[in-house]
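Scroll down for the structure; my scribbles are underneath it.
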C-alpha cells in the first residue's frame, strides 16, 4: 500500500531510477490464461520510446523489456508478472552540475526535503523515464481488456501550447512521421514549425492530451470514494507534469445548464456524452473521455533563478537531453494509465458482483464522438 | 479497501443512504490526544447544512452528529471514532415517481446497472447527503492539522455559471448572508439575481470552487503514484458532481512556456506558485491550490427524455427539493476532502521519515496569492 | 487499511468501547441481492450473548443490532452495511478501581503505553465485548457463503483446561443447557463441576476451540502471502485471548513423516485430511479445519502483583463481572472469523479468476472427519 | 494489495518461479538513510542457501542478489528497492514426469484448480525457493530494526521430528557444521544420525522452529484486528509447510490457570513471559516469542497414491532434489518474516503516534529466557 503501487487488485509495483541499473515493476493480480509476450509489451514501449524524432530527447534507450515471471509457455499463470527494463544510455555527467542545486519547477527540491537524500542522476526516481514502466504494465491491461470486453483505448494530442488540434480521424495517428500523436495530419507542418522555433529558443511548452476508452461495460466504479472517474483522476494526475484532469465536459460544465449538460437517454441510446461515460462514479456504457493538462518541461536551457542546498542564490540552466514538450510523448502513457484503472475496476466489479452475463437491450449512443454505447448486461451478484 | 473507505492511514469508512435510518462513518487511525467534541464537528456540518438560504434545497436536516467511540473525556484515544447522523426529514413520496425511471445525468442508471438493485429514495447512496459524512470526518482532520502544523484550509466559489467572482478577501466569506461562499461581497447582488432567475426557470447551473491549504510542510506526498496532487485529484473527483480538477496553474499550463510556469526560487522564497504547492507530487511548502469544476444538478423540474427500467422512452422531470446549483454548498465539502488527504499524507510521511523536526532557513514566497511558503524543517528518517 | 478493518474486499470496519455509547461496524463490499434481516444477525449474536449460563459473565446485554444502511426492502444493495449495537449495562464503577493500575496479562498496559491514554471503563476498546461486532458481521458472511456455495461453518469446544472433550456429534451442540458448545453431551456434568470449582476458586482457565468449514470450493487463497491459512491464522489470532492457531494436523505435523502427513488422493477422493483443507495456501475442497488455543482470563479475583501508572508496586484483583473461561463463549466468534476470511477470499478469487462454473468430476473424501471433499469446478479466468 | 505483497507500509512485493528466469521483490516504504549493501543481504541469503550440508537439497544456487534501485551511494533513498536473484541451477527434466499428476500434500493441485494453469517446473511459484526473497527483504528490515532500536531477532530448531532439542546457548548456533540451527551442540550427533536414516528411507519429517525478537519497544501493534501477534501469525503461516503458530505459551495456555499464565509485573519488571511479549495485540516490551510447526516435505521418493489431471489414479514418487526436512532451512526464513512484521508495525505505530521519545522508568524482566524487557518510552501522538 505504499506510494509506488498502483491499483487494488491489478497491482503494479514500480521501481527504478533514471540512471540506476534498471527500471521495472511487479504486476500482481493479472487474470490467468492471457496470452502475452515480450513483443506485445515492446510494441507499446516503442510508442513512447525516446529518440524517435527531432522534437524529443535524443537519449537513446532501446527500452527492451524482459518478462521475469508469471508467464508460462506464453500464457499468464495468475502469479506475479515481473517486468525488467535495463537502463542503457546513462550520461550522468549531464547532471553532475545540478546535484547541489534545485531546478525551478522540478521535483528535486521536494525529494531532497522529503527524504533528506536524493539520487540526482537524471532526476533519479522523479524522471519521466519511470513512465516506461506504466506503459509496459499497461500493455498487459490493454490486451486483457480488449480480448475480454473488446475495449479500445486511444489517445491523441488535442493542443500543443497555443495550437489547438481539431480532431480529424483516428487513422491520422498512424501516419508516417506523425511524431505528435496528432489526430489531424494537416496540422503537422504547423506543429513541426512551432517545435523547431521552441527548441531553438531553449524554452519549453505545455500540451493537452485526450484519451478515450470505447466499449467499457456499464457498471464499473466503486462509489462513493473509489469512483471510476476519481481513480482516473488519480492515475492521470500521478503522471509527471500533469496539472489538470477533466472527465467529459470537465470545466465546461461550469457554464452549462442542466438542460445542456445532462445527457438525455432514448431506447436508441444516449443523445450526448457530456458525462464522459461516467455517472455517479460508475461507467455508463458510453465512451470514457478524459482530458489532461501537461505543464511545460521544467528542465530548460535558459537561465533561471534558484537556490542551492545551502539556500544560497544560484542561476540554473539545464543542458541535459530533455523534451521541450513532454506532452509529445505523453499519449501512450495516458492511455496506459486509463487501461490500468479500467482493468482494476473490472476485477473489483466482478469481485462483488460476479461476472455472469445476461442479455439486455443494447443502447446505442449518438454522442458527438459517434461512439457506440455498450449498455452491457448488468453483472449479477449471484 | 473497498470503495467506501477513504485514506490509507487516516481512514474514513462511510455509510448511509439519503432516506435510510442514518448516515455516518468510522474514522480509524486518528492520532491520540486530540481534543475533539461534537460541537467542533457540528460547527463544520452547519456550514454545508441544507435549508440555509433560498438558493439551496429546503430539506430541513439538523444534521446532528453523535460521537459513538474513540473519544474519552473529550480527547481522542487512538481507537476508531464512529460518527452517527440520523436522518430526519425524509419525504420518500418526493421520489416515488422516479423509482422506475432514470434521471438524465444522474447516478441512478449506473447503480441499477451495477448492482441490479437500488434504493431510489432520495437517490439512496448516490445522494449528495453523503457529503455530510465527509465534512464531519474532515472536521477532525482539520483540527489536528491546525493544532499540529498551523495549517489553514479555506475555500470559496470562484465562478457561478457564467459569472466569474474575483477574489477580494477571505473576510468577505464570513459576511452575514453570504450564502455563496463568495470571496467578494460586491458580487452578492448579481449572484442572488442570477440564482433567482435560474430557480424560476427550473434549470440548474455549474460552478467553480477553489480551495487553498496554507502552512503545509514541505515533503508530503508519496510518489510516483500516491503523489499529493494525485490523491487530491482523486478526493476531489470523488465528490458528487465534480467533473474536473486543477492543481496550481492547471489547464493554463498548456499554453505556458517553461520560463513562465516554473516557479523560480530565491533565498527569500518562491517567486510564484504556478505549481500550486506541489512539485513532483510532493508539497513544496507553498500554498496547496486546488480548483474544481462542478456540473449542474441533474435533478431539474424541466422535461427531459429518458428511459425506464424496461428500456421504454419516458419523460422525466424532478420536483423533489434539489439545489439548482450544488456548487453553492460544495465549498465546505471540498475543504474537508483536502483536509482528509493532507492528514493521511502527514501520517504516511512520518511513518517512513519520522517526525523529528530540525531548524532550517524559512523561505518566504511572494506568490501572486501573497501566501507565505513554509519550507518546513525536513523530516529526518532516523 | 488501519488496524480496525478486517478483509480486503469484504471489509469490516469495527468501532466501539465496552462502556461507550455503542459498538458496531461498517461492512463494505457485500455482494448485492442477499436477503438479510436484523433477525438473521440477532440469531448469531444471541449465541455469544453474556448471561446465558452461570459459567459466564452475568453482565446483561441484549446486544440488539440495528441495520443502519445497505439493505433495502430486506435485500443488500451492494452499498455499505452499518451495524449498530447500543451498550446497555455499563457499571463503570466496577472498573474505577483499576483506572490507575495494570492487570497482569491484560491489554491495558499496552494501550496506555501505545497511545498515552486509555478508556479504562470495562477494558475500553480491548474488551471482549468488541467480538459481538465480529459475530454480527460474520452472520452476513455466513448467510452468503451458505446460500451461494452451501458452505457450513461449525465450531465446538475441544478441550476445557485439562479436560479433553472427544467429538461425539454435531447434534449434541444443540442440546438444551449445553452452555459449553461441547460436541459431547456425556461430558457436560464433568464440565459443569469443573467450572463450579473454578468459579469458587476465583481463578480462570484456558480452552481449545475447533472450527470446521465444509463445502469450501477448491481454489480459494492468494499465495504466496495471502494464503487462505495465513489469513485464517491472522483472523483467529486477532481474537482476544487466542495464543495459538493450527490448521489440520497443526503441531502434530512436527512428528509426522511425509508418508503419514501427506494426504493421498484417489478418484474417489482424498484418503485423509492432515492438511486441514488447505494445500499451498489454497483450499483443496476438503473441510477447512482450524484449532485455536485460548488463554485463561486475565481478570481474576485473586491477588496479583502489578504496578501502577507511576511504576509503583501494587496488588491487583478484579471483582468485575468476568468469564472465568472466555473460551466458553468463543465458539461463535471463531466461526464468524472463519466466515469473514472465507467470504473475503471468495470475492478475491473471483476477482482474478471469474466465477463461471464448469462441470468437473467430484472427488469424494474419506477423511477421518467423514467429510465430503467438494472438488468444485475450477474457476476459469476468462 | 494482491496476495504477493506483504506489509502495509514496509511493503514487499514478491515475484518469481522456481525455474523461471529469476525471483525477487520490490521493497517499498523503506525509511531513507539506511546504509545497505548487496553484501548485507547476501549474508542473510547464505544462511538459507541450499547445498550447504548433506541433509538439504543438493541444488546448487549461489542466490546472488542484485540491488536494482532505491539505494544511492550505499544508502537507501526512500524510493522502492528492487532485489533480483537470477535462477541458475534449473533441471526441469527432474520435474517433467509430474507435470500431469499431483503430489499428495503438495500445492500443485490447488494451483491447477485455482488458475487452470500452472508452471510445473520445480513447483513453479509454490516452490520454497520463493522464501529466498523473504530472507533478502528481511535483511533490510533487520538492519533497520537493529540500528534504530537495537532489536535482535534470533531463531533456532526446537524439535526435529520426535527429537526435542533443549535450548543450551545462542552461541551454539554459530558452531562450525551446525547445519540444523540447533541451539545445543550436544544434540548434533543424534540429529545427524536421524537425518541419515531418514534420507535412506526416502521419507520426510516435520520440525519446530522458535523465533525470538529482543528489544522490541512497548506499544507496537494495531488492534483490534492488526494485532502484532495476528500479523505474526499471518506471516508465519504464509511460509511454505507451516501448519501451526504459537505466541508465548501458545497451546500450553489451554491447561494454564490465570494465576499461572498471566505475567505479574513489579517495578523491576515482568516476572514471566507466558504472553510471549504481546498483550492485547500490542508489544509489552518483553521478548516477542514465536513457535511454528513445519510439516514434512510432500515431495518424497516413496510411492504414494494420487490422481492425474484427468482424475485417473496414479502412483507418484518424486526423485527431484528435495529437503527431507524443510524445517532445517526454515530458521532464517522465520526470522525474516518476524523482522518484516516488526518493521511494518514500527512504521505504522509512528504514523499514528509519532516517534518522539521521552524518558520513562525501565522495567527489567526476569522471564525464563532471561531477556531484558525494554518498556520503551511511550510514543507521543503530538
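Note: Cβ is positioned from N, Cα and C throughout, glycine not excepted.
For reference, TrEMBL has these:
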type    : residues                                                                           : note
BINDING : D:48, D:54                                                                         : NADP(+) binding site
BINDING : D:125, D:126, D:127, D:240, D:241, D:280, D:295, D:296, D:297, D:298, D:299, D:321 : FMN binding site
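In the three-state DSSP reading, residue D:125 (FMN binding site) counts as helix.
When the Cα of residue D:48 (NADP(+) binding site) is compared against those of the binding-site residues D:125, D:127, D:295, D:297, the shortest separation belongs to D:127.
Of all the binding-site residues listed (D:127, D:297, D:299), D:127 has the fewest other CB atoms within 10 A of its CB.
Among the record's FMN binders, D:125, D:126, D:127, D:240, D:241, D:280, D:295, D:296, D:297, D:298, D:299, D:321, no two C-alpha atoms are more than 44 Å apart, and one pair sits at exactly that spread. In this structure, the C-alpha atom of residue D:127 (FMN binding site) lies 20 angstrom from that of residue D:54 (NADP(+) binding site). Note: the CA-CA distance between residue D:125 (FMN binding site) and residue D:54 (NADP(+) binding site) rounds to 25 Å. Listed binding-site residues D:48, D:54, D:125, D:127 compared with chain C at a CB cut-off under 8 A give D:125 as the close ones.
Counting other Cβ atoms within 10 Å of each Cβ, the lowest count among the binding-site residues D:54, D:125 belongs to D:54.
In this structure, the binding-site residues under consideration are D:48, D:295, and the one with the smallest number of other Cβ atoms within 10 Å of its Cβ is D:48. All protein chains considered, the CB of residue D:241 (FMN binding site) has 26 other CB atoms within 10 Å.
If you take the Cα of residue D:295 (FMN binding site) and the Cα of residue D:54 (NADP(+) binding site), they are about 20 angstrom apart, rounded to a whole number. Rounded to a whole value, the Cα-Cα separation of residue D:54 (NADP(+) binding site) and residue D:297 (FMN binding site) is 16 Å. Using a cut-off of under 8 A between C-beta atoms, the binding-site residues D:48, D:54, D:125, D:299 that neighbour chain A are D:125. In the three-state DSSP classification, residue D:299 (FMN binding site) falls within coil.
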